[in-house]
Ligand code: GLU
């Protein structure tokens, strides 16, 4: 069934905003900096559709449970809807809609021929056995079969899902369609049409964004201290790359707390969430601190790479970093963004910083369509090139209009989307 997409245009100010409220506010603010048809902005506040499905699962004990799944498709003016599927207890239609809007901007900032989508199932993946996760994923793929496809909507991994989830999704879809269609999802294992480098890509682009920001503000990476919240794929890959490039990583954390060493941690020795879940604290450091304290450390660069809404009006005044690079999607609330800007803290937004994930998803999609595999070297080279181009496009707007990095990224995205909408026109 297709749910009625959320329609309310402006919601009351509320500290822990939903992704949708934040996404709409950010759009409204960005629109004030671009010469864009107001009709286009109005259209972009609403998703094309939000599909809601029931996903029944027979548990190991023989009982049957029904979970709710969603796929929000925000806009496809520039190409198929694109974005992750998350398995998380807090997944809702509204959250997926907001996150799908961010995907539209992210793909446009990177100049990829995709629109924005996001979906998921409201479920705690930790409560499922591997077998249950597989069956739930396969049934979800079947329920979404009519609305996804390599030229319609291409899901990918997100919170609580991974390459194996995508392999099951692709297999279920392909079995029902009667042919192998690897391009229906990205983020698959390379052996079934996945791309080398896709797993590390969001962390790699986050590290590239941090490196470019440090350079832009006339500093040297070898004299830069970094704190990273979250040691999943994004946080760990960003931390390890920045350490390899000469930065000093003074803190990394997971849900249980953070390791802190002012002289720098060996981040390769700390297991990622995928390597050993929630084990960061077991891998010794002179000091451990709380997960919240990581955000307030006096470092040059802070990378929130765990969950959304961690930098809020309550702690924005206490953020001591000079540069925040958003590895997670939506870690900074709208209110906190304003406070950080007033305090002169530069925020490199998620839609630019972690866009390496969807960029390598695009490379994967191209490889699937062309039935050929690129080398890891080629993937990383092309990712670097795409990131530097996007960085330069956003930097030009920062400088030309004296904007924050977030507003500038939105201006780049919105200009491209508005031009495509104007050229295609409103039908009928
Ligand atoms: N879930 C990732 C994101 O938020 C990747 C999306 C994709 O590769 O399609 O950007």
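Even glycines carry a Cβ here, placed using N, Cα and C.
Just so you know, TrEMBL annotations are computer predictions that nobody has curated.
Record features, source TrEMBL:
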ACT_SITE  118  active site, proton donor
SITE      158  site 'Important for catalysis'
I need the CA-to-CA distance for residue 158 (site 'Important for catalysis') versus residue 118 (active site, proton donor), whole Å please.
9
Which chain-mates of residue 118 (active site, proton donor) that are at least 6 residues away have a CB under 8 A from its CB, listed by sequence?
71, 72, 74, 83, 84, 85, 86, 96, 97, 99, 100, 102, 103, 158
Report, as a single number, how many Cβ atoms besides its own are within 10 Å of the Cβ of residue 158 (site 'Important for catalysis').
22
Under DSSP, is the residue listed as 'active site, proton donor' helix, strand or coil?
strand
